[in-house]
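Since the structure comes first, as structure tokens, the remarks are kept for the end.
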Amino acid sequence: MAEFARSEPQELPVGPVGRSGPGWWGVAMLIASEAALFSYLLFSYYYTGASALPGWLLEPAPKMIPTLPNTLLLLASSVVAWYGEKGVEKGDRTQALVGIGGAFVMGFIFAGVQCWEWAKKTYGMGTTSYGSLYFTTTGFHMAHVIVGLVILAALFFWVLDDYFSPRRRISVSAGILYWHFVDVVWLFVFTTYYLTPYLGFAK
Amino acid sequence: MRQAVFRRPEIGDDNEMLRARLHAIWETAPGLKGWLGTVDHKEIGIRYIITAFVLLALGGIEALVIRLQLAGPDLHLLTPEQYNEFFSTHGMTMIFLYASPILSGFSNYLWPLLLGSRDMAFPRMNAFSYWVFLGSAIFLYSGFLVGAGPNDGWFNYVPFAEKDYNPGFNQDFYSLGMIFLGISTTVGAANFIVTAFKTRAPGMSINRIPIMIWGTLTASAANLVVVPAVSLAFFLLWMDRQFGTDFFQPAGGGQPLLWQHLFWIFGHPWVYAIVLPAMGMVSDGLPVFCRRPLVGHSLVALATVSVMILGFGVWVHHMFATGLPGLSLSFFSGASIIITFPSAVTVFAWIATIWLGRPVITTAFLYFASMILLFVIGGVSGFMTASVPVDWQLTDTYFVVAHIHYVLIGINVFPVVGATYFWFPKMTGKLMDERLGRWGFWTMFAGFNIGFLPMHLTGLLGMPRRIWTYPAGMGWSTLNLVTTLGSFLFAVGILIFFFNVIKSLRSGAPAGANPWGGSSLEWSVSSPPPPYNFAVIPTVASRHPLWEEALDESVARTSLTRGMTLDQGKEALHTSPMDAEPERIVATPEDNVAPFLLTVAMMVLFYGMLLKLWIVIGLGGLGCFAALLMWLWPRRNLLERAPPDRKEPVHG
Ligand code: HEM
Ligand SMILES: [Cu+2]
């Protein structure tokens, strides 16, 4: 290694190039910590449910309509966002705007459906510990969706304003990574609250 | 500004012209803007250290009041309610506002210097973590000022902490303040992890990094994943108290034990988070005075990591008395005892280093060496409480209080004071007074043992912890008096230390770059270091860059005077995670007030939540949003967005 100080060094990238750079690492750390947060939330559900008396589940058969299609919509939005990121990567502004804007619209619909579902529930946050857990966990997720939507909106306007180039686009990659995270976490929330009752958990 | 996408870094010699140029680029602006906006890790580190020491003094005063109350039987200095607040605030202050932040302070100051880099990976996040720490300390203490400090112990068990039993604002200050503080810890941890993996000087491969880096790195990895557990616990509690949810309320199908799980999933690894970095300080400082490298460097690094990994799995040993199933008790008891093995590796490495070296007995050495003894005593009593039947006898007695303090004071306070003696010359350019240092050390050491050793006995004699007074004739009175006298002596020792700091700051002898003959990179720069740390990025060829002549460890030599100059703006180097091969030239952010503004907005938000004033919450939220936008706005000078003409010259 020390010979390196004497010889001519390699050419190095200057600043974040493509998706790699400090910002991407920072978001990865944020995600690790947020993922831990969600796992403690789900742990709370399983722990409380496992030691609860029968009848704890206020919804032994959670309705799949509209949640299942809504879940698929959210997952699809990840693909659309990825398509937008590719657009920035290729320098294709239309593709970028369609992708990022599309993901925003899909995420927005997801949030709307979720709110409608909340409103229809026959129980509330203070009904029992099940209600508390359900609303807090989905509420936490909703907060992340909203943050994700703000990020997507910001990216949309920045792309519209021609901020990025195929090389200088770290903000796009970091933002889209966050959106993927929001979507993947929902899969775990969905499995926990909507599928495990069918698998016989906490009957 | 047009900047190349790829560039061959210029290689140059360390000279006056280069230094002058770097100085102009890196210096913090004068005045309020520089003061609120600085992102210099050294400035931030020192602020952290000073703030944490102030909080140590506050927590110490609380402890002395507690000890006065307990000095004899049937005393009425405090009411029971006040006693609850005092010991809860004492525990909270010491654990959350002193022990952890002080280590972050040292790490913030030292890391880039140890790693041969110009700053942390995320300088603005670094400033942010300090401001949030300060903000949350103010938030937590503001509760105490209006007579609503935490009053259910720092562990804050439900159902006592629920509204039915505790209707005042006390727990709301504590809950929200802890969530606030958790943000600081998390941000800081993320920053340390990325800094450790990305900003090491070329050649500082993973097996060449100092143990102190290992200590803070593993602690940070733990913090990143366990702090959310306690933040969540406090959030759920706040919901229970303010919105009538039932997380911990049995009447609504909730689980009080869930609190304890979430709390100790965090709480146990946290013990290591406030100990491993301190052990790292000793592992790096002690060998300097022994005039030889640490024995078993790699083993100690490995032990550090394995202590942390095992530490994740043993939280239940704080819950032995809660009636959990026997099988799980055995498992967690066994796992807890296994942790003594890697800890012992470190202890033996220290002893061997002293044994095989030629120790120079300085004040710093005394503090570092005394940690070994105190660690062993704390380890033995920890071994005892990790064993289920013994724990059933000892739990909630003064034995546990003795154990806690041997661990926390012995292996956090002693090394930290030692580290101050050790690195003070680097930070200030002045040496501390050795004579006064010795007086301080022996006073502290004697006071500490006179105060806390008898507590083991008081505990074995059955005195419960967290009682505000006790009747005469229990056989506890003399022991308690001795403890109180000892703790005042200990406090005098701390005062001597503070006095020494202030005196040496004014009139200490000039230190020079390397007063102790240290081996790591921070001793190669002037004291105090220039704002840019290193004029040329060093190239590291061994574990002990400054001892290569003496040790003759490697064929190649570390290069400190010739290397990358990186002077085309505020630039730093990022290297690959394992081998530290140069990977990227990064543009480092200028001073920025967004972290400060964001913290202010967050304070508004948290006070709004405390008072449940939606308008204030809304304002705080909007403020946060604006500050975040200001912070994250993609900048051209950081190369986060395309140049105006979008045609970048590829080579420069
Ligand atoms: C002059 C120095 C100190 C004295 C005299 C002192 C004294 C005490 C006493 C008497 C208690 C027990 C209160 C009770 O249970 O009723 C206590 C609790 C505690 N102390 Fe200290 N302390 C000192 C310094 C420290 C330091 C430096 C730390 C940490 C770095 C610390 C951490 C704690 C904690 C965490 C508790 C709570 C224990 C529990 O869970 O009950 N103390 N202290
Ligand atoms: Cu523990």
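Cβ coordinates are placed from backbone N, Cα and C, and glycine is handled just like the others.
According to TrEMBL:
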DOMAIN    B:35-541  domain 'Cytochrome oxidase subunit I profile'
TRANSMEM  B:48-70  transmembrane segment
TRANSMEM  B:90-115  transmembrane segment
TRANSMEM  B:127-148  transmembrane segment
TRANSMEM  B:173-197  transmembrane segment
TRANSMEM  B:209-238  transmembrane segment
TRANSMEM  B:294-317  transmembrane segment
TRANSMEM  B:329-352  transmembrane segment
TRANSMEM  B:364-384  transmembrane segment
TRANSMEM  B:404-424  transmembrane segment
TRANSMEM  B:436-457  transmembrane segment
TRANSMEM  B:477-499  transmembrane segment
TRANSMEM  B:593-609  transmembrane segment
### Task
Determine whether the transmembrane segment (B:477-499) and the transmembrane segment (B:294-317) share at least three Cβ pairs under 8 Å, counting only pairs 6 or more apart in sequence.
no
### Query
For the transmembrane segment (B:593-609), which stretch among B:90-115, B:173-197, B:209-238, B:294-317, B:364-384 has the most Cβ pairs under 8 A?
B:173-197
### Query
List, by number or range, the same-chain residues at least 6 past the transmembrane segment (B:436-457) whose CB is under 8 A from its CB atoms?
362-363, 366-367, 370, 374, 381, 398-399, 401-403, 405-406, 409-410, 414, 417, 421, 479, 482-494, 496-497, 499-500, 503
#### Entry: Same-chain residues near the transmembrane segment (B:173-197), Cβ under 8 Å, at least 6 residues beyond its ends
88, 92, 96-97, 100, 104, 107-108, 111-112, 115, 117, 120-122, 125-126, 128-130, 132-133, 135-137, 139-140, 142-144, 148-150, 156, 209, 213, 216-217, 219-221, 223-224, 227-228, 230-231, 234-235, 237-238, 241, 577, 602, 606, 609-610
### Query
Same-chain Cβ contacts of the transmembrane segment (B:364-384) under 8 Å, 6 or more residues past its ends?
278, 281-282, 285-286, 289, 337, 340, 343-344, 347, 350-351, 354, 390-391, 394, 399, 402-403, 406-407, 409-411, 414-415, 417-419, 421-422, 438, 441, 445, 448, 456, 516
### Task
Could you pull out which residues elsewhere in the chain have a CB under 8 Å from any CB of the transmembrane segment (B:329-352), counting only those six or more residues past its ends?
279, 282-283, 286, 294-296, 299-300, 302-304, 306-307, 310-311, 313-317, 320, 372, 375-376, 379, 382-383, 386-388
### Query
Taking contact to mean three or more C-beta pairs under 8 angstroms, with sequence separation of 6 or more, is the transmembrane segment (B:404-424) in contact with the transmembrane segment (B:209-238)?
no
### Task
Averaged across the domain 'Cytochrome oxidase subunit I profile' (B:35-541), what pLDDT does the model get? Just tell me the whole number, please.
94
